[in-house]
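Here is what Swiss-Prot records for this protein:
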type	residues	note
COMPBIAS	338-348	compositional bias 'Gly residues'
COMPBIAS	349-358	compositional bias 'Basic and acidic residues'
CARBOHYD	10	N-linked glycosylation site
REGION	311-358	region 'Disordered'
TOPO_DOM	1-24	topological domain 'Extracellular'
TOPO_DOM	46-60	topological domain 'Cytoplasmic'
TOPO_DOM	82-96	topological domain 'Extracellular'
TOPO_DOM	118-140	topological domain 'Cytoplasmic'
TOPO_DOM	162-185	topological domain 'Extracellular'
TOPO_DOM	207-224	topological domain 'Cytoplasmic'
TOPO_DOM	246-275	topological domain 'Extracellular'
TOPO_DOM	297-358	topological domain 'Cytoplasmic'
TRANSMEM	25-45	transmembrane segment
TRANSMEM	61-81	transmembrane segment
TRANSMEM	97-117	transmembrane segment
TRANSMEM	141-161	transmembrane segment
TRANSMEM	186-206	transmembrane segment
TRANSMEM	225-245	transmembrane segment
TRANSMEM	276-296	transmembrane segment
C-alpha cells in the first residue's frame, strides 16, 4: 500500500514528545508488572490437574495470561521504537508485530467477556454448572476465541505500513477505509465486550444482593473484585478507543474543517494511549492477588489454585473457605458457612452437595 490517507497537519505516532515519553514509561511499567505476574499465573495453572478436571474459569484465566504475556514480550520493540524514533524491524516486522498485538487484544477481550458470562450463568442458572465444567465445552470455547481473534486481527496487519522507512503506523487508502476500520475495531474490541461485562456483573451483583450476600464479607469481596475488573478494563482501554473514534469521525469530516485537524492530534496521541492499553495485560495478576485477600499469606505461592479449588467448580462439595465465593444448590438458596480458615491447608472437606462457581 503505497498511498496512505493522512489527516491534516502531517502528524505521526512520533510527533508529540509528551506522548512518546508517557508511552515509554507506561510500556516499561506494564512489562515490569505484567511479565512476572502472568508468568506466575501460567506456572500456577498450567500444571494443575485436579481430579475432576480444571475448572472452566481457571482455564480461561490461564489462556488470558498466555495472551497477555505474549504481547508484553514485545514491549522492548515498542520502547526502542519510541526512544530511537525509528521502527527497527522493517515492513514485514511492522505488520507482524502489530498483528500479534491485535491478536492478543482480541483474545484478552473475548476471554474476559467469557469469564464474565460464566460467572453470571453460574449465579443465575446454577443448573448449567455441570455443563460449564465440561472439558469438551472448554476446548470448543477456546477454539472459537482464538479463531475469532485470528480473524479480527487481520485488519491490523493489512492497514499497517512503514511510512518513510521509519514510522510503523496505520495506513488507509481512503478516509472511508480509515473510518470503517477504526469504528469496527472499537465496536468489536470495546463497546460490545464492555457492554457484556457491565451487563453480566450487574446481573450477578443483583442476584448476590438478593441472596443476602451484599452486606457480608463475601459480598464485600465480590463487590471489590467486580468494581476492579470493570474499572480496569474501561479506564485502560477508553483513551485508545476514544482516539479511534476521533480519527474515524475526522476522516469523514471536510478536509479544511477543525474536526479534520483533530484527527492529526489523535494520530500524535496514539502512542501514549496504546501504551496505556498495555496495562490491561498487566493488571489481571494484581486483581487475582486483590481477590485472594487472606488466602495469600495462608496458601503461599499456590494461592491461585486454592482460590479455584474453593470456588466449588473444581470439586463436588466442601466447606467454603473465607474469601471464596460459592452458591450451593439446596431446597433454598443459602450462603455456605466458613471453614477452619481462609486457605488453611488443614481445613476439612465434607461431601454434601454440588457448589457453583461465581
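Keep in mind that glycine also has a Cβ here, set from the backbone N, Cα and C atoms.
Contact between the transmembrane segment (97-117) and the transmembrane segment (25-45) is absent: fewer than three CB pairs lie under 8 Å, with pairs separated by 6 or more positions in sequence. DSSP assignment over the topological domain 'Cytoplasmic' (46-60) gives 6 helix, 0 strand, 9 coil. Look at the topological domain 'Extracellular' (162-185): DSSP puts its residues at 11 helix, 7 strand, 6 coil. Looking just at the topological domain 'Extracellular' (162-185), the mean pLDDT is 89. Sequence-distant neighbours of the topological domain 'Extracellular' (162-185) (same chain, 6+ residues past either end, Cβ-Cβ under 8 Å): 1, 3-5, 12-14, 81, 85-87, 90-91, 94, 97-98, 155-156, 241, 244-245, 247-249, 251-252, 267, 270. Residues 14, 20, 23-24, 27, 157-158, 160-162, 166-168, 271 of the same chain lie 6 or more positions beyond the ends of the topological domain 'Extracellular' (82-96) yet place their CB under 8 Å from a CB of it. Residues of the topological domain 'Extracellular' (82-96) grouped by DSSP class, helix first, strand second and coil last, total 10 helix, 0 strand, 5 coil.
Across the topological domain 'Cytoplasmic' (118-140), DSSP helix (H, G, I), strand (E, B) and coil residues number 20 helix, 0 strand, 3 coil.
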